[in-house]
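S.K.: Below is a structure I'd like to ask you about.
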Amino acid sequence: MREVLLLGSLVVLALLSLFPCCSCLSQGAEEEEDDGEVRLMGLAGEAAGSPGSGGGFSANGKFSYGYASSPGKRSSMEDFYDTRIDGVDGETVGLFGVFDGHGGARAAEFVKQNLFTNLIKHPKLFSDTKSAIAETYTSTDSELLKAETSHNRDAGSTASTAILVGDRLLVANVGDSRAVICRGGDAIAVSRDHKPDQSDERQRIEDAGGFVMWAGTWRVGGVLAVSRAFGDKLLKQYVVADPEIKEEVVDSSLEFLILASDGLWDVVTNEEAVAMVKPILDSEQAAKKLLQEASQRGSADNITCLVVRFLEQENHLPERPTNDQAS
């Protein structure tokens, strides 16, 4: 047993030398030099280092969306988000995502720029949406790993995404960003945080030849606090980008969806988040409320919140400023 622990410690030390700024390891991550901009489906976005919010409506009037994002107490911004409302083969498709990077912003920005672009091109987007999503996660991860060959610092990202196709809502997730819906007034988690101490995740990692050990929290190889992610090429054998996908029917009982990075969920429960959003019809204001509450409760991480409100059961749409629209 002593030999196993010693070997594990040596492996951890070796990995730490390759993960100098992994935010899943330390809150005091070194600031990434090339954070870039957070952009929203081609709109003028907010600079990655400053708080921003915005939103809009679908052309068919069936849903509204709003987002709010801030670096919080961190000096660097590794959260990204994306919202798109695209017409594909005559169908309106809504795509929403929150991407929380670690080891810098590089991986999260790549996923934000490529995941939905790849998905709307998938030939099975309508005929087999779940397969299309799963295959797109995998192929986008492969593209990221190829792009990462020129970097000597490892980087990765979570992804919590929601796809609206007709009366179907499909939520896919890797990592510890989270999706929660309000249905019939109840808070329901529609994603699972991927942590290495979960029995099935730990078994999968160990079956692949890896190990999970305690280093402040349970970590893959003693380094990474999430068990699934995009990127993380040095741990890719164990840290997969295979999403868990859940489908919900969009009907009159489905009120809204919240997607958020762990900067929210570390300090706000699912039930609290739903209770905060429920009385606020304006999706942007709802997202801002969540962000403000997380900040007031002392969240130590970047905070990104995205709210999608389903409007078929509403009698009217709340007014929104015209400057949220594309210029």
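Glycine is no exception: its Cβ is also placed from the backbone N, Cα and C atoms.
Take a look at what Swiss-Prot says about it:
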SIGNAL    1-24  signal peptide
DOMAIN    64-310  domain 'PPM-type phosphatase'
BINDING   Asp100, Asp262, Asp301  Mn(2+) 2 binding site
BINDING   Asp100, Gly101  Mn(2+) 1 binding site
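So where do these features actually land, and what's packed around them?
M.R.: A sphere of 10 angstroms centred on the C-beta of Asp301 (Mn(2+) 2 binding site) encloses 22 other C-beta atoms.
Neighbours of Asp100 (Mn(2+) 2 binding site), defined as other CB atoms within 10 A of its CB across all chains, total 30.
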S.K.: What average pLDDT does the predicted model assign to the domain 'PPM-type phosphatase' (64-310)?
M.R.: 97
S.K.: In whole Å, note down how far the CA of Asp301 (Mn(2+) 2 binding site) lies from the CA of Gly101 (Mn(2+) 1 binding site).
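M.R.: Their Cα atoms are separated by 11 Å.
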S.K.: Neighbour count, 10 Å Cβ-Cβ cut-off, for Asp262 (Mn(2+) 2 binding site): what number do you get?
M.R.: 26
